[in-house]
């Protein structure tokens with residue numbers, strides 16, 4: 001009995017060790033980074049909703065929530081974010097609170113913020129239209145490049161230079177040949193004048209004397 005007891009204890013310790021090892025092997029999962037919500041932020045949505053409204057007295061919180069919900073924003077989950085966004089926009093000066101206090105009143109865009117909101121809308125529309133038109137431009141540019149490439153091998157400048165060079169010695173030789181015969185012709189008439197001799201006049205025949213009878 002004394003021998004079997006330590007064997008059982010050793011077996012129990014052996015089974016406990018791998019279990020502990022398995023626990024230590026499990027790596028701790030790294031905290032997954034929070035994904036930023038795609039699309040515009042809450043403050044941008046609020047500014048767009050206020051700028052689109054035509055109420056002169058300002059937009060109430062209820063009307064603002066309705067416009068945000070119509071745009072596809074989850075108002076119930078992000079109720080606190082909407083209130084914080086309104087407060088931050090009022091502090092920055094982009095929104096002006098016309099009625100009430102805090103986030104429960106009515107809000108209106110500041111005149112300076114209105115011009116900024118219009119420019120942002122125009123820039124967003126221009127970017128969207130530019131992104132849609134980009135593939136057409138690239139295709140046209142590629143076609144233009146392919147047409148322009150065969151025009152490059154027009155470089156016969158070397159042939160023009162070589163044709164000009166032989167013309168110069170030809171002009172010089174022609175001038176020398178023209179001058180040399182002129183000099184020879186001028187010398188020949190002088191020699192002919194020296195050789196001219198006057199013809200001799202023939203002697204008159206003497207009359208024969210008459211014979212004596």
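Each residue, glycine too, has its Cβ placed from N, Cα and C.
Noted in Swiss-Prot for the protein shown:
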REGION    1-43  region 'Disordered'
MOD_RES   2  N-acetylserine
COMPBIAS  8-18  compositional bias 'Low complexity'
MOD_RES   12  phosphoserine
MOD_RES   17  N6-acetyllysine
MOD_RES   36  N6-(beta-hydroxybutyryl)lysine
DOMAIN    38-111  domain 'H15'
MOD_RES   43  phosphoserine
MOD_RES   54  N6-(beta-hydroxybutyryl)lysine
MOD_RES   56  citrulline
MOD_RES   92  N6-acetyllysine
MOD_RES   106  phosphoserine
MOD_RES   108  N6-(beta-hydroxybutyryl)lysine
REGION    112-213  region 'Disordered'
COMPBIAS  120-144  compositional bias 'Low complexity'
MOD_RES   121  N6-acetyllysine
MOD_RES   201  phosphothreonine
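According to DSSP, the residue listed as 'citrulline' sits in a coil region rather than a helix or strand. Around residue 43 (phosphoserine), the same-chain residues at least 6 positions away in sequence with a Cβ under 8 Å from its Cβ are 85, 88, 89, 94. Across all of the domain 'H15' (38-111), the predicted model scores a mean pLDDT of 80.
Comparing CA positions across the modified residues 92, 106, 108, the one lying closest to residue 56 (citrulline) turns out to be 108. Residue counts for the domain 'H15' (38-111) under DSSP (helix as H, G, I; strand as E, B; rest coil) come to 39 helix, 11 strand, 24 coil.
When the modified residues 92, 106, 108 are compared by Cα distance to residue 54 (N6-(beta-hydroxybutyryl)lysine), the shortest distance belongs to 108.
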